[in-house]
Structure formats: C-alpha cells, structure tokens
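> TrEMBL feature annotations, pasted as is:
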SIGNAL    1-23  signal peptide
DOMAIN    24-320  domain 'Plant heme peroxidase family profile'
DISULFID  Cys34-Cys113  disulfide bond
DISULFID  Cys67-Cys72  disulfide bond
DISULFID  Cys119-Cys316  disulfide bond
BINDING   Pro160  substrate binding site
DISULFID  Cys197-Cys229  disulfide bond
Amino acid sequence: MALPSKSIFPIILLLLTLSLSIAELDANYYDKKCPQLEKIISETILSATFQDPKVPARILRMFFHDCFIRGCDASILLDSTPKNQAEKDGPPNLSVQSFYVIDEAKTKLEKACPHTVSCADIIAIAARDAVTMSGGPYWKVVKGRKDGKVSKASDTINLPSPTLNVSQLIESFAKRGLGVKDLVTLSGAHTLGFSHCSSFEARLHNFTLLHDIDPSLNTEFALSLRKKCPKPNTNTNAGDFLDSTASVFDNDYYRQVLEGKGLFSSDQSLVADYRTRWIVEALAKDQSLFFKEFATSMLKLGNVGVSENGEVRFNCRIVNSES
C-alpha cells in the first residue's frame with residue numbers, strides 16, 4: 001500500500017487541531033458535576049422576573065449579543081477596566097442591562113458546585129428559561145462552553161443594527177453559520193421587549209426627500225409612534241413595545257410585521273424581500289411551527305464560536321487572572 005503524500009500530513013494535523021479546539025457540547029454535561037444547575041438558574045430567572053418584568057427580554061438579548069461577538073463565550077459579561085472598554089459598554093449593549101441576574105445565578109452555583117459551571121452556559125440556559133417562562137418553547141440546552149478572556153467595546157460594531165436590509169442581515173448571520181430561516185426565526189425574539197425611540201425614530205421624521213414617514217410603516221401605527229417620539233424628543237425613556245404582546249413569547253411579531261407594524265426597519269424589510277417573506281408568512285400562521293423552529297435556531301446560535309480555549313470564571317465580570 002502506498003504511503004500518503006507529504007502534503008496530506010499538514011491537513012491531518014490541521015483537522016486534529018480543530019477537533020481539539022472546538023468544544024463538544026452535551027445536554028448532560030453537568031449531570032454528575034452539578035445536577036442542581038438548571039433548577040438554580042430557573043429559580044433565579046423567575047425571581048428576578050417577578051421583581052422586573054423586563055428581565056426575560058434583556059436576558060434573551062444578552063445571549064444574542066454575546067454569541068454574535070466572539071461566539072458564545074460570556075465576553076459580554078466582562079467589566080471594563082482602566083485599560084480596556086468591554087463589550088457591555090459598547091453603544092448597542094448599553095440597554096441590555098440585567099447583568100446582575102447572571103451574577104446572582106453564578107454566586108449560587110459557586111456555592112453549590114464551586115468552579116464548575118461556566119458563565120457562558122449560564123447565559124445559554126437563562127435565555128432558554130426566559131423564553132419558556134414567557135410562554136415560549138422549551139428545549140434542552142447543550143452545555144460545556146468555556147468563558148472567553150477578551151472583550152472589546154469596539155467589536156460591537158459587528159452586531160446587526162435595526163437599520164440593516166435583508167441582504168445585510170443575511171450576510172451578518174451567514175458569518176455566524178446561520179441561514180436565512182435562522183435569521184427570520186431568531187428575529188421573532190422581538191416578540192419580547194421594548195425599544196427606545198433612538199432605534200427607530202429616523203423612520204418617523206424626514207425619512208427621505210419624498211416621504212416624511214417611512215412608507216413601509218402602517219400609517220396609523222406611524223402616527224401613534226410620532227406622538228411617543230416627537231422631534232425634538234426630550235424624553236430619553238420614550239419608546240414603544242416591540243409587539244402588541246411584549247411580555248408574552250408568541251408569534252404576534254410576525255403578524256405585526258405583515259401589517260406594516262414592525263418597529264425596526266430591519267424587521268419590516270423581512271416582508272419586502274422574497275427570500276424572507278414566505279418564512280414570515282408561515283410563522284405568522286402557525287405558532288407551533290415558530291416554537292419548533294425557534295428552539296432549533298437557538299441551539300444553532302448557541303454553538304456559534306464555541307471553543308475549548310477558555311476558562312470557567314470564578315466571577316463572571318472578570319477573568320480569573322484578575323480575580
């Protein structure tokens with residue numbers, strides 16, 4: 001038998017290196033090491049939600065923003081230092097908040113299972129719980145992520161903004177290994193939460209030379225938004241809910257978008273493009289289909305950039321070398 005050529009050996013070495021660096025996630029990862037893990041996180045999220053109904057939307061957004069920058073490695077939880085401005089202080093993340101909820105869960109887990117559960121896994125499980133507690137689907141979260149050691153506010157420029165069109169959104173999601181169906185399905189997370197005027201007011205005033213208001217907006221809806229977000233707007237807390245059932249996880253978001261009531265231009269663009277409209281229509285008609293697809297896409301999102309090259313932080317806000 002002929003020996004493989006020398007050119008094959010570098011390829012084999014590369015494949016071996018990749019297999020060692022990519023973490024293998026498992027739904028049963030902590031079953032023996034920390035069996036009470038999910039109960040502790042679930043109780044923490046539930047308690048925090050009773051105190052502040054905005055928590056589920058914020059935790060879900062935290063998971064998205066974490067995974068889209070450097071992968072799902074809890075880099076969004078690291079605090080800024082005198083020498084480094086961290087992700088959480090980047091402009092798109094200033095409204096995420098509720099980091100204290102992850103801190104509470106981590107403190108409890110460190111008592112129950114010291115130095116075992118990564119902060120990245122806590123966010124992934126908390127995001128699932130936020131959805132389920134709000135009336136959405138349940139799925140088994142795969143675990144075994146490691147926490148990253150790098151967090152830069154400048155990286156948040158790579159988060160998809162609410163002004164992107166469909167082609168830009170598809171490109172952004174594709175860079176994370178996510179397809180068009182994932183894009184439309186995960187956009188359904190906008191069924192939860194609230195947005196300040198700054199994220200959509202450009203659609204309400206002086207939109208173009210021809211249109212004062214974005215013509216893709218439902219006229220009645222646009223006029224109601226203009227009252228909430230006048231120009232000039234002195235109320236920095238003003239805004240609107242992302243859909244008409246903003247504390248319930250359902251498929252109302254898709255029906256709203258089809259009616260021209262998508263708050264962000266990125267949401268409304270999903271209806272105007274043939275590549276995405278059919279998916280919006282399907283999910284608007286069938287909530288059980290939306291729930292099934294959302295769970296599938298969340299599992300894919302949770303695998304983005306997962307690596308063995310990290311640590312399990314003692315404190316989610318600082319890397320271990322500084323604790």
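Glycine is treated like the rest: Cβ placed from N, Cα and C.
Please treat TrEMBL annotations as automatic predictions, because they have not gone through curation.
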> Among the disulfide-bonded residues listed here, Cys34, Cys72, Cys229, Cys316, whose Cβ has the fewest other Cβ atoms inside 10 Å?
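Lowest Cβ count within 10 Å among the disulfide-bonded residues (Cys34, Cys72, Cys229, Cys316) is Cys34.
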> Is it possible to get the count of other C-beta atoms within 10 angstroms of the C-beta of Cys113 (disulfide bond)?
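A count of 16.
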> Between C-alpha atoms, which of these disulfide-bonded residues comes nearest to Cys67 (disulfide bond): Cys34, Cys229, Cys316?
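Given the candidates Cys34, Cys229, Cys316, the nearest one is Cys316.
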> When the Cα of Cys72 (disulfide bond) is compared with the Cα of each of the recorded positions Cys119, Pro160, Cys229, Cys316, which one is closest?
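Checked the recorded positions Cys119, Pro160, Cys229, Cys316; minimum Cα distance to Cys72 (disulfide bond) goes to Cys119.
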> Between Cys67, Cys119, Cys197, which of the disulfide-bonded residues has the fewest other CB atoms within 10 angstroms in the structure shown?
Cys197
> Say you check the Cα of Cys229 (disulfide bond) against those of the recorded positions Cys113, Cys119, Pro160, Cys316; which is nearest?
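Going through Cys113, Cys119, Pro160, Cys316 one by one, the Cα closest to that of Cys229 (disulfide bond) is Pro160.
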